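Residues or ranges marked as disulfide bond in Swiss-Prot: 36-84, 50-99, 60-115, 64-117, 120-127. Residues or ranges marked as N-linked glycosylation site by Swiss-Prot: 87. Annotated signal peptide per Swiss-Prot: 1-24, in sequence order.
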C-alpha cells in the first residue's frame, strides 16, 4: 500500500512541476538522484584552423546501480556495473567562426535524445577502468 502512495506522489510531482522539477539544478536533488537522464551540457567546439565556439547541448548524466560481491569459485567476484550511457542520439552540425581558407568550417557532434543505465559501450561512451 505504501508503494502506491510513493508512485502517486512521484506522478503528482511530475504533473505539477514537470520533469525538470524532479531533476533540477538544486544540489539536493542532484546529489541523491540515482538513474540516467538527459541534461544540458556546455563545451567548447574546437578544430585546427578555426576559432572555438561555445555550444550548449543535451548529454547523458547520472549514477547507475553498480555492485560487486565475492564468490567462492573463479573469478572469485560477481560484478554488476552499469553506466549512464546514450540510448538515442541526434547528430547536430554547426559552422565554426573565422576558419582559415581551405579549412572545413563544419563541426558535427551528438546530442542526447534518450539515456539509460546500461553496460558501457565504447561505440558511444568513454569507458575507463582504474
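Glycine is no exception: its Cβ is also placed from the backbone N, Cα and C atoms.
Across the structure, residue 50 (disulfide bond) and residue 60 (disulfide bond) place their CA atoms 27 angstrom apart.
Taking 36, 60, 99, 115, 120 as the disulfide-bonded residues under consideration, the smallest Cα distance to the residue listed as 'N-linked glycosylation site' is found for 115. Taking all protein chains in view, 20 other C-beta atoms sit within 10 angstroms of the C-beta of residue 84 (disulfide bond).
The CA atom of residue 99 (disulfide bond) is located 32 Å away from the CA atom of residue 127 (disulfide bond). Comparing C-alpha positions, residue 60 (disulfide bond) sits nearest to 84 among the disulfide-bonded residues 84, 117, 120, 127.
The local packing around residue 117 (disulfide bond), expressed as other Cβ atoms within 10 Å of its Cβ over all shown chains, amounts to 18. The two recorded residues, residue 117 (disulfide bond) and residue 84 (disulfide bond), show a Cα separation of 5 Å. For the disulfide-bonded residues listed here (60, 99, 115, 127), the lowest count of other CB atoms within 10 A around the CB belongs to 127. The disulfide-bonded residues listed here are 36, 50, 64, 120; among them, 36 has the most other Cβ atoms within 10 Å of its own Cβ.
When other Cβ atoms within 10 Å of the Cβ of residue 87 (N-linked glycosylation site) are tallied across all protein chains shown, the result is 15. For the disulfide-bonded residues 84, 115, 127, a Cα to Cα distance of within 10 angstroms from residue 64 (disulfide bond) holds for 84. Among the disulfide-bonded residues 115, 120, 127, the ones whose Cα sits within 10 Å of the Cα of residue 36 (disulfide bond) are 115. Geometry remark: residue 120 (disulfide bond) versus residue 84 (disulfide bond), CA distance 8 Å.
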